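Q: Below is one structure. I have some questions about it.
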Amino acid sequence: MKFALFSVLVVLLIATFVAADECPRICTADYRPVCGTPSGGRRSANRTFGNQCSLNAHNCLNKGDTYDKLHDGECK
């Protein structure tokens, strides 16, 4: 019985770590724009993302092309 409980706990722990490494793939369609500025001093234009989730998803999926939130609202 103790072994079965231990096994279940190990599986749940592994599943938690695997799920934590996944990038958000589906964001809500609510338009709450955020302006992002390129991370790491890259010289490219600021970019408007549809919402914070979209910015986070972009950063997770594009490790070499990340943006920091500059402010709420569209980039000017």
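Keep in mind that glycine also has a Cβ here, set from the backbone N, Cα and C atoms.
Quick caveat, the model's predicted, so the values are computed rather than measured.
Feature list, courtesy of Swiss-Prot:
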| type | residues | note |
| --- | --- | --- |
| SIGNAL | 1-20 | signal peptide |
| DOMAIN | 21-76 | domain 'Kazal-like' |
| DISULFID | Cys23-Cys60 | disulfide bond |
| DISULFID | Cys27-Cys53 | disulfide bond |
| DISULFID | Cys35-Cys75 | disulfide bond |
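On this model, are these features tucked inside or out on the surface, and what's nearby?
A: Helix, strand and coil counts from DSSP across the domain 'Kazal-like' (21-76) read 13 helix, 14 strand, 29 coil.
The 10 Å shell around the Cβ of Cys60 (disulfide bond) contains 14 further Cβ atoms across the protein chains shown.
For Cys53 (disulfide bond), the count of additional Cβ atoms within 10 Å of its Cβ stands at 16 [all protein chains shown].
Non-local contacts of Cys35 (disulfide bond) by the CB criterion (under 8 A, 6+ apart in sequence, same chain) comprise Asn46, Arg47, Thr48, Phe49, Lys69, Leu70, His71, Asp72, Gly73, Glu74, Cys75, Lys76.
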Q: Do you know offhand how many angstrom separate Cys53 (disulfide bond) and Cys60 (disulfide bond) by C-alpha?
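A: Pair distance, Cα basis, whole Å: 10 Å.
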Q: Have a look at the disulfide-bonded residues (Cys23, Cys27, Cys75) and report the one with the fewest Cβ neighbours inside 10 Å.
A: Cys23
